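Have a look at the structure below before the remarks.
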Amino acid sequence: MGTHGATKSATSAVPTPRSNSMAMVRLAIGLLGVCAVVAAFGLVSGARRYAEAGNPYPGAFVSVAEPVGFFAASLAGALCLGALIHVVMTAKPEPDGLIDAAAFRIHLLAERVSGLWLGLAATMVVIQAAHDTGVGPARLLASGALSDSVAASEMARGWIVAAICALVVATALRLYTRWLGHVVLLVPTVLAVVATAVTGNPGQGPDHDYATSAAIVFAVAFATLTGLKIAAALAGTTPSRAVLVTQVTCGALALAYGAMLLYLFIPGWAVDSDFARLGLLAGVILTSVWLFDCWRLLVRPPHAGRRRGGGSGAALAMMAAMASIAAMAVMTAPRFLTHAFTAWDVFLGYELPQPPTIARVLTVWRFDSLIGAAGVVLAIGYAAGFAALRRRGNSWPVGRLIAWLTGCAALVFTSGSGVRAYGSAMFSVHMAEHMTLNMFIPVLLVLGGPVTLALRVLPVTGDGRPPGAREWLTWLLHSRVTTFLSHPITAFVLFVASPYIVYFTPLFDTFVRYHWGHEFMAIHFLVVGYLFYWAIIGIDPGPRRLPYPGRIGLLFAVMPFHAFFGIALMTMSSTVGATFYRSVNLPWLSSIIADQHLGGGIAWSLTELPVIMVIVALVTQWARQDRRVASREDRHADSDYADDELEAYNAMLRELSRMRR
């Protein structure tokens, strides 16, 4: 009886080729049906859609190809992202890091789809350029104006980024089958998904700072959920609890941030437009899928690995929701159809009628729903870990908790207060924001020791189960990628070179123009600063540590480079980001070059406070290590003394025994 039951269970855990083939057929038929509906929408709404936006009509081909291509390319990217995450979360790697056979099947899915994704993204560059110029693709290519049309189209440039990232993913998936490779490939895949999400409606008009941040989170969450649904349907097994938790989390994020985007794009929640109706349709589908996932997670816990049916239905539902979003992406949001755009709307998304003061910096808030929300989540997660340790009766230094929470609070303030609001329009305030993100906040976060806390809180996965969060974190800590990035020399080069590369090249002209550029700079400087200070005062395991004198030397070695950077900004006669700052044309700012010189002075002077903080932390750590070493040596000395006495006593007993014989 027991053997039969075990055999039956083992058999049910392996998806049969027939079940996989049926799932693939259902998804293929559903995909063709969804594409047909999207094509019909593009054909029927074509001329009217362009007339409402005041754009020239490029013809029926572009009117149909744009929404269909947008949907197909977005779906391919989502499937690649979901497949990679599925492999990362379900694989049972061999000792050499190679993924197991079950995960390799999903790897092959991502490998095949990535090539299709590349082709679709490259095609969309031409289609999007034709859409924005109002001519057909053949005429555009024949005129030789394709490059100029692409340069003038933000969405076409977004598709170029997506195509480049898809090329990287497609090439790497054919070369690497190790677990770590899939983790690394999440970076270009997410970048590709975000590249097209931040163009179009989210990147223009009033409140586009809110919309861009929301679009980034929504696009990644929605693509992850869609990709995981399709990957799970093709795998033919019930997703693990970790995958299901990820789906529920992504569904909640997509619903929350999607509602925010609809609020920003549809004035008064008016539902009398195609855009609004499509948004509501996507919302209803997404809500239904999310509620079903919540029921499976809370009421009917999953039994990972068991064969099941019904996965294709959720995957098809997410395809339909993505089709609705693709149709919305090629339309102009109702809010912008009658809005009279100003320079504030185009370049900032909000107005700054008065110059910055301390009171305005503290009270002018535009909460960053990406970085600010991340700061809130990190603070809550750390506090929960701290509380969990205390409930177990384990200790954790309160100073680390204070350092981490202070760093998170500073992150929320820097990204959402007047520092960011004025920093997006003034170079001097932007430089204060940059220095805070690069040199002050990372020190506090590193001193919090989040990795050590996580390793103490997260449970060890039992035998026979897929690795969990603790195992993933351990593998990442000891991976070659982490070893390279956290090496003191690598961290030093990144920390020193970053400001020169960003501000003294055309990169800054692009980044400062768009809100996603400000988000990218903030994340980049925060991560680079964290890597550098991790190598110097890090509590967590990971990077190769220099001796304490070497760490102090490394800290002082960066100071001349930052001083020269600040002095260069103070003495330059040309303006960094001149085109953008002239276009914003703040009425109360008399001179943008004088503001740049002030920013250089801020960069030069603000390096001292973080250095003092790091020196204090280093000296404290050094003194504690010396005390530990001295205490250990004292214990060894005491132990040696006791051992000598014991040996003498035993020798005496042996001698007495010999004399008695």
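Note that Cβ sites are derived from N, Cα and C of the backbone, with glycine treated the same way.
As annotated by Swiss-Prot, transmembrane segment applies to 68-88 (among others), with the evidence given as sequence analysis.
Same-chain residues lying 6+ beyond the ends of the transmembrane segment (116-136) with a Cβ under 8 Å from its Cβ atoms: 50, 55-59, 61-62, 65-66, 69-70, 72-73, 76-77, 79-80, 143, 145-146, 149-150, 152-153, 155-156, 159-160, 162-163, 166-167, 169-170, 192, 330. Under the heading transmembrane segment, Swiss-Prot lists 116-136 (among others), citing sequence analysis as support.
As annotated by Swiss-Prot, transmembrane segment applies to 150-170 (among others), with the evidence given as sequence analysis. Sequence-distant neighbours of the transmembrane segment (150-170) (same chain, 6+ residues past either end, Cβ-Cβ under 8 Å): 73, 77, 80, 110-111, 114-115, 117-118, 121-122, 124-125, 128-129, 132-133, 185, 188-189, 191-193, 195-196, 198-200, 203.
Per Swiss-Prot, the feature transmembrane segment maps to 179-199 (among others).
The transmembrane segment feature in Swiss-Prot is assigned to 214-234 (among others); the stated evidence is sequence analysis.
The transmembrane segment annotation in Swiss-Prot covers 279-299 (among others).
What Swiss-Prot lists as transmembrane segment is 313-333 (among others), and the listing cites sequence analysis.
Sequence annotations record features per position, and here Swiss-Prot assigns transmembrane segment to 369-389 (among others) based on sequence analysis.
Under the heading transmembrane segment, Swiss-Prot lists 435-455 (among others).
Marked as transmembrane segment by Swiss-Prot: 488-508 (among others). Long-range contacts of the transmembrane segment (488-508) within its own chain (CB-CB distance under 8 A, at least 6 residues past either end) are made by residues 434, 438, 521, 524-525, 528-529, 531-532, 534-536, 543-544, 546, 550-551, 554, 557-558, 561-562, 565, 568-569, 576-577, 603.
Annotation comment: Swiss-Prot describes 519-539 (among others) as transmembrane segment, evidence class sequence analysis.
Residues 431, 488, 492, 495-496, 499-500, 503-504, 532, 535-536, 546, 596-597, 599-605, 607, 611, 614-615, 618 of the same chain lie 6 or more positions beyond the ends of the transmembrane segment (552-572) yet place their CB under 8 Å from a CB of it. What Swiss-Prot records for 552-572 (among others) is transmembrane segment, and it gives sequence analysis as the kind of evidence.
Where the transmembrane segment (519-539) meets the stretches 179-199, 313-333, 435-455, the count of C-beta pairs under 8 angstroms peaks at 435-455.
Spatially, the transmembrane segment (313-333) is adjacent to the transmembrane segment (279-299); three or more Cβ-Cβ distances between them are under 8 Å for residues at least 6 apart in sequence. The transmembrane segment (68-88) shares the most Cβ pairs under 8 Å with 214-234, out of the stretches 179-199, 214-234, 369-389, 435-455. Sequence-distant contacts of the transmembrane segment (369-389) (same chain, six or more residues past either end, CB-CB distance under 8 Å): 210, 213-214, 216-217, 257, 260, 395-396, 401, 404-405, 408-409, 411-412, 415-416, 448, 450, 453-454, 456-457, 519, 522-523. Counting only same-chain residues 6+ beyond the ends of the transmembrane segment (179-199), those with a CB under 8 A from a CB of the stretch are 70, 73-74, 77-78, 80-81, 84-85, 87-88, 91, 93, 97-99, 107, 117, 121, 154-155, 157-159, 161-162, 165-166, 168-169, 172-173, 212, 215-216, 218-220, 223, 329, 475-476, 479-481, 514-516.
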